[in-house]
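Data block below; observations after.
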Amino acid sequence: MYGLYTGNGASLLLYTAPILTFSRVLKKKSTEEFSCFPYLMTLFNCLIYTWYGLPIVSHLWENLPLVTINGLGILLQLVFIFIYFCYALPKEKVKVGVLFVPVVVMFGIAAAISAILFDDHPHRKSFVGSVGLVASISMYGSPLIVMKKVIETKSVEYMPFYLSFFSFLASSLWLAYGLLSHDLFLAAPNMVGAPLGILQLILYFKYKNKGASMTTMVMAKRDDEKKKGTIELVVDVVHDGDANEKNFKNSC
């Protein structure tokens, strides 16, 4: 039970880590280059495991901590997705809608099948746990999109450190708990999540200084372009002034 609450604590940190990212979105009123895909996959994961922990699937309230942490995760991810949708460009809003609807539909289908077609808790847990396995792998695999961007741009600006760190921490703790409790449905997805978390951290520490130097170079380049533009503007103004003066003299 101690391991379960430790895993819940790590999951809480994972689910709340995007608060830092979305405070930036609210401040700048723009989603910039951030992707909404990880939050949609996390929502799907939280929906499935909340259902997994409810008495209709599990025996009584044996998995109550699973319900509480993932129920909170649902609320947080819905808030993050709503904020993202409000400040995203029209093209990104379409992407959010295209992904959000299938997530809700797939959860609804999984919940209906488990409640209607299976008569006992073991079979329901096996079915929902299998769907949860896919959901968790999707959640832990979703940062691959961001990692691809990190490698291409050599910048970790849009891969927040705390999200990567808490993802690694949560998956590692749940992996340990799943192995110790002999629960395949808890251990298996984290066998994917833990290595991916390590890979994110490796990429972060590899490119964090390069990203900072590139950002400095870009800012310096922009400053140079602004200065150059100002000088050219002054030259144009002086040139136009001389031309107007010359034309005035000629007309006189």
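Glycine residues also receive a Cβ, built from the backbone N, Cα and C atoms like all the rest.
So that you can see what the record holds, here are the features copied from TrEMBL:
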{"type": "TRANSMEM", "residues": "6-25", "note": "transmembrane segment"}
{"type": "TRANSMEM", "residues": "37-54", "note": "transmembrane segment"}
{"type": "TRANSMEM", "residues": "66-89", "note": "transmembrane segment"}
{"type": "TRANSMEM", "residues": "96-118", "note": "transmembrane segment"}
{"type": "TRANSMEM", "residues": "130-147", "note": "transmembrane segment"}
{"type": "TRANSMEM", "residues": "159-180", "note": "transmembrane segment"}
{"type": "TRANSMEM", "residues": "186-205", "note": "transmembrane segment"}
Under 8 Å between C-beta atoms and at least six residues away from its ends: which parts of the chain pack against the transmembrane segment (159-180)? 3-4, 6-7, 10-11, 13-14, 17-18, 20-21, 38, 140, 143, 146-147, 149-150, 186-191, 193-194, 196-198, 200-201, 203-204, 208
Leading contact stretch, 37-54, 66-89, 96-118, 130-147 vs the transmembrane segment (6-25) - CB distance under 8 Å: 66-89
If we skip the immediate neighbours and take only residues 6+ beyond the ends of the transmembrane segment (66-89), which ones have a Cβ under 8 Å from one of its Cβ atoms? 4, 8, 11-12, 15-16, 18, 22, 25-26, 29-31, 34, 36, 39-40, 42-43, 45-47, 49-50, 52-54, 96, 100
Which bits of the chain, at least 6 residues beyond where the transmembrane segment (37-54) starts or stops, bring a Cβ under 8 A of a Cβ in it? 15, 18, 63-67, 70-71, 73-74, 77-78, 80-81, 84, 96, 99-100, 103, 106-107, 110-111, 114, 125, 128-129, 131-132, 135-136, 138-139, 141-143, 145-146, 163, 185
